[in-house]
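These features come from Swiss-Prot:
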type: ACT_SITE; residues: Glu80; note: active site
type: ACT_SITE; residues: Cys143; note: active site
type: ACT_SITE; residues: His167; note: active site
Amino acid sequence: MKTVLITAFEPFEGEAINPSWEAVKDLHQREVGGVRVVACRLSCVFDLSLDQLYRAIAEWQPEVVIAVGQAGGRADISVERVAININDARIADNRGNQPIDTPVVEKGPAAYFSTLPVKALVQALHVAGIPASVSQTAGTFVCNHVMYGLLHQLHQQGDVVRGGFVHIPYSPEQAARHPGEPSMPTPLVTAALEVMIKQLLVQQVDVAITGGALH
């Protein structure tokens, strides 16, 4: 049976939970659309997170890797288009590291595009009634670090495995502590991930629909 690896993060910046892991952990060792899903929780730490990711890829030998992370303030499922080769941490990670203007990979290319059909995934989520959009930036913190490191590793291995990154909003419990911020219930995020997994099984090439932004 084919395997899809989904990663998520531990809590950071004083939060009690990370909604990415709350949504992802329920999929571990489940069958979705005829594939086995395995989940891995990453540390919110520069470099260590990539070590953990690479070990999980080596252990599970997946056909697809979907990394998931929290983006407090976003209102929908954000399917990331691109990762850039820069670490520029506005806050420290969970071990106190705060790199500024350092590369994720020394002498690596400036950026990598997701190898997932990002627009098709967003379209599938819309059909399922789940708010979603294409995002043009994964930030410059550990999420972008993981996305870039993932795509670099997969490229080094011949781009046989597809990979990308998805940002999700706060959970309602978190939003209650951040007045005015949007949220999405954890079961809906889990359902969104299932929709994306099923779409990936039938969609290799992206669809030609707009997913751009004016700013």
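A Cβ is built for glycine as well, from the same backbone N, Cα and C atoms used for every other residue.
Every protein chain shown contributes to the tally, and the Cβ of His167 (active site) ends up with 23 other Cβ atoms within 10 Å.
Under the three-state DSSP scheme, Cys143 (active site) falls in the helix class.
Annotation note: Glu80 (active site) sits in a strand segment as assigned by DSSP. Here Glu80 (active site) is positioned 7 angstrom away from His167 (active site), judged by their C-alpha atoms.
Between the CA atoms of Glu80 (active site) and Cys143 (active site) there is a gap of 10 Å, rounded to the nearest whole number.
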